[in-house]
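**Student:** Below you will find the structure I want to go over with you.
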Amino acid sequence: TMVSTATVALVLAVLVCSQYAAQGVYVVSKAEWGGRAPNYRVALGNYLNYAIIHHTAGNYCETRAACAQQLRNIQSYHMDSLGWPDIGYNFLIGGDGAVYEGRGWNSMGAHAAEWNPISIGISYLGNFNWDTLEPNMIAAAKNLLQDAVNRGQLSSGYVLYGHRQVSATECPGTHIWNEIRGWAHWRA
């Protein structure tokens, strides 16, 4: 018998999707964006109960090259001016919709004071009091959060906060704040 084109397409779609699910979100590595190795790292536990969303409050970027430059600038500021061992966030998301490695998985960030040991920090590159959150950027964060649950970094019942909920700040900016309040894991 002849296998239909639709059946072959379905099988290929399932294989591609299962491969994606197994690998998770593609994260642009520090090596790819020209980041420095951390001076040291502190291990971050698994099944964390919190994810905290930030913005860098700096320049918005729409290309890999522009985002890489912003990341290098932020890392230099965090390490050289603030004396931190690395860039403060676990992950950052650019206007290009890419997810960039900050401290990455299983490394405690420096993004929300006493919340650092119990959360992952995800920051959008830009100032979202005026910069606009695009659909690809929203999808990137939601996919990254799901990946964090799938790999056991976040508990399945994690709570999502905007930085302003745990610290006296405007962060993550008005546009992000208005967006995340509609997400499933956000809590007042």
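Every residue gets a Cβ built from N, Cα and C, even glycine.
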**Student:** What does TrEMBL give as the disulfide partner of Cys61, choosing from Cys17, Cys67?
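**Tutor:** Disulfide partner per TrEMBL record: Cys67.
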**Student:** Cβ neighbours within 10 Å, counted over all protein chains: which one of the disulfide-bonded residues Cys61, Cys67 has the most?
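**Tutor:** That would be Cys67, with the highest Cβ count within 10 Å.
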**Student:** Summarise the model confidence on the domain 'Peptidoglycan recognition protein family' (25-167) as a single mean pLDDT, whole number.
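**Tutor:** Within the domain 'Peptidoglycan recognition protein family' (25-167), the model's average pLDDT equals 96.
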